[in-house]
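The domain 'TRAP C4-dicarboxylate transport system permease DctM subunit' annotation in TrEMBL covers B:12-430. Here TrEMBL flags B:6-37, B:57-75, B:95-119, B:140-167, B:173-199, B:220-242, B:248-266, B:278-299, B:311-333, B:340-362, B:368-393, B:414-435 as transmembrane segment.
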Ligand code: NA
Ligand code: NA
């Protein structure tokens, strides 16, 4: 191949994102460029470092393409992180498109030195618990929960949950031994951590309600590497990236979600719905978290209120 | 040169450096740096090294390493080791070769609260060696049983080598600890059998000694309640769901401190000495881990491990042949190298290779099985000449026993280990059924 | 552990190495106290939690910060006491002089390695300081933990340089009784 691009990510090579997106996308780039572009995929942080370093790695040229989460480096990419607040997700496809638009409008220089290829989210997180479902805020009282990110943790703590931020490996150990009562994660990660065996109940927002939370992701390329490509090859990359790629990844995550839900169902776990009115009450109660986020965006020189309003508008329109 | 060939040259170069007395951490780092610059760029290396050290060790998982080492050193300094040996001796000391058996049993008990073989070997040598020599045990048998017993430090959980294996392969530490329990117990049995055969062949080398009264036995057990409490709280707490491994290690440190102080062995001075000992051992491990990390990134950049794994997955070589070849490699290298370095050096290549093969096991079972086999084979390197760290430790502490005698005394235990390796390879279930039983 | 050769050469510079020894031990002791402190907080947190008062917030982060700190501060002592493992079976037959020369070259290379890492970590420190990254719960600035890392690697580089240079210096006949 004329150009070899190293793609670095943190998931193990058996993860669906690796097998059904990265490998497929790499093959597509090879085909579209008639073999001129070879994408070498390095899963599981094989090129060293920890997941929070991925954005810096792509900026510094340690790798050429990286897939990363803004929440890993809190406050550094605040516009992209906006969608990681509680109740800022409908489904993965629509939320991904909304995020991409939001970044086009407000996220201008957040990824300086990097060429963003796609922005997306996963589907909304669910509450997976060991002993009882969570159908109202009262059920959260005193529950020891592993939170997926800071703002969601704040929201859950606001309802009286005892929030911990275990790393996932510790979370698996903690859930199996009962150190924690549950976690808040999408179905998509259930098979990887065998959450269906570690928990017995899953509580999901009823159809029509916003999801509890979703982390946002960015697929980034080193800018110098992108600019250094021939016009033809840059065209190949352009055609394989952008808002349509964001939509596509989002859609795939909806597929992963459905698959994970099937695993939970098949294992015989109880799946309960949290009513729309209850979720709306939670959303209301979580407004201090959103206010704090607006203040943070303001601190960083953005118009926080405008970004938040636009994000909600895009989500509701989708 | 294509990256694959380059990676082989890099590995060859690494071994040349290691065999030229270069410290292993440094050799791996240098090979890693050369590989990184060649396969990526110097700018990339500079950027990578600006966070790599902190990134690597700002880690909850790695914290168990210094914590379990500290726990072992505190136990050593608190004088718990002497009571352990005395308890074992009260119960089995009267058998033929009984003191050697008591030394092995003592090592096993001490190993249940120490994660390091060297610590176990040196601690138990200090207490058991003089007693054995006083009662007419030969230098060979005394040294051999202590060298072999010392390996129980990492065979019986907690175990630093298993922790590092779990970190490298993203396996569950709790399950791996549990998986090592049955093989660890087998090791104790094997060593006991080795001793009893040895003393039947050479009766004058391991005489009997006086039988303890029942009262003495009970009192001896009463002297080791500290160990039993620490062991039960730490491992029981981890399996019982009260805490995670790093939390268990923290509790173990505090508990050993409290009980050691009550026992009277721990003073501010000995605690400080334990901290200093911990610093030396941990820094050595951290430095090797860091060097290995650089080297492994260079290997990943060459894509050699992935290519090798893919090759074996696609080839029709029998999986068992591949496994045996790896075991043989470990045995040969174990004669020359230190166990932890070997794990760090080879697992990135061997683990994906093994996992790509079909042994008819679930992936998790296969990972545990390979982890245990690697642990056992690598740990055997501690007692195989010419480079066996346990042999060196004992030789340094018992200057009157010639090295040739130590080698001779270790031989029966090496044979016992060979049979155990054969058993573990033949019956994979031994390495995971307890996990299935307890966790699933 | 490996005594003789460098040990004698160091004898000529005893005051320097006595001072270095004191500094490295102090460094290691601080690192040890940090990890001890972390163990104490974790235990306290578990006891609290078992008694139903809830765990200490940020316990995990504290352990992570402590681990990086002690890993860094433990390094110089290990360098000074030549605690880094090596394989010597293949070279033991060589004359003492040759082995000593090899050891001192490797020690100097070690010094260069630590110095390089130290320089990069200084860069990392200023980068983290610039980003203003903080840990999630304790809101502790991440650059803090780069400070012990710079000290540990820097001191190791200095120790290794002193050892390597001292060992290479021509050995004067020993007059003082060591
Ligand atoms: Na052990
Ligand atoms: Na050996």
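Glycine too: its Cβ is placed from the backbone N, Cα and C atoms.
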In contact by Cβ distance (the transmembrane segment (B:6-37), the transmembrane segment (B:278-299); 3 or more pairs under 8 Å): yes
The transmembrane segment (B:57-75) versus listed stretches B:140-167, B:220-242, B:248-266, B:414-435: most Cβ pairs under 8 Å: B:248-266
Residues of the parent chain within Cβ reach of the transmembrane segment (B:220-242), under 8 Å, 6 or more residues beyond its termini: 71, 75, 78, 80, 83-84, 86-87, 89-91, 109-110, 112-113, 157-158, 174, 177-178, 212, 248-249, 251-252, 255-256, 259-260, 263, 438
Long-range environment of the transmembrane segment (B:173-199) - Cβ separation under 8 angstroms, sequence gap at least 6: 61, 64, 95-97, 100-101, 104-105, 108, 111, 141, 145, 148-149, 151-152, 155-159, 162-163, 165-166, 205-206, 235, 238-239, 245, 364, 368, 371-372, 375-376, 412-413, 415-417, 419-420, 423-424, 430-435, 438-439
